[in-house]
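Feature list (source: TrEMBL):
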type     : residues : note
TRANSMEM : 16-36    : transmembrane segment
TRANSMEM : 48-74    : transmembrane segment
DOMAIN   : 50-199   : domain 'Sodium/calcium exchanger membrane region'
TRANSMEM : 80-101   : transmembrane segment
TRANSMEM : 113-136  : transmembrane segment
TRANSMEM : 148-170  : transmembrane segment
TRANSMEM : 182-202  : transmembrane segment
Amino acid sequence: MAIDHPIAFLLPNTHFPLWLVVLLMSSSLGILHFVIETEPPKSEQLPLILLAFIMSVFWISTAAGELLNCLAALGDILELPPSLLGLTILAWGNSVGDLVADVAVAKAGHPAMAMAGCFAGPMFNMLVGLGTALVIQTTNLYPGAYVLHFHVGIVIAFVFLLLSLMGSLLVITWSRFRVPRFWGFCLVGLYVVFTLVSLVIAKFSS
């Protein structure tokens with residue numbers, strides 16, 4: 001159903017577009033809740049939190065879909081491979097929120113929590129996000145097989161990811177589970193090198 005699909009709402013012979021009906025209903029419910037509820041709920045906190053989490057997931061999914069469309073259009077205009085866009089622009093967009101949150105948590109005096117979030121976020125994306133996407137795609141193609149075409153940029157990303165993880169494991173273990181300052185600069189430098197290598201590969205492969 002198109003977002004401007006005409007719908008009979010309130011008046012029988014009058015049609016309003018779908019987006020206007022949704023806007024009026026949601027705004028009315030929001031204003032009604034703001035006027036009636038003068039104190040925070042005491043017995044309905046958990047259902048409201050679950051509902052807010054589910055709605056946040058839907059909004060993030062919608063925004064991610066629009067972001068992918070913008071990336072596809074940008075790749076067609078600039079004639080860039082999709083793998084390069086995913087390794088750079090899409091990765092930056094996905095990581096900005098984590099970067100801000102982890103830096104704020106570390107400055108608040110919880111470096112262990114911030115460091116755990118740095119590894120837990122990408123782990124969740126790789127295991128749950130990638131796993132769910134592969135399950136859905138293979139289910140749609142069953143009994144056929146899903147052929148995954150690896151770009152050389154993805155292989156380079158795997159190599160740099162392995163270097164950063166193994167290097168962090170060795171350095172942190174050698175430093176008795178204390179992260180030295182120089183290793184932070186090394187990780188940033190490693191990412192800069194990875195970005196430059198990806199750009200060079202994209203330039204010569206195109």
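The first residue you see is number 1, and the count goes up from there.
Glycine too: its Cβ is placed from the backbone N, Cα and C atoms.
Note that TrEMBL annotation is computational and uncurated.
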Original post:
Out of 16-36, 80-101, 113-136, 148-170, which stretch has the largest tally of CB pairs under 8 angstroms to the transmembrane segment (48-74)?
Top reply: 80-101
Original post:
Can you name the far-off residues of the same chain, 6+ from the ends of the transmembrane segment (113-136), with a Cβ under 8 Å from a Cβ of it?
Top reply: 94, 98, 101-103, 105-106, 146, 179
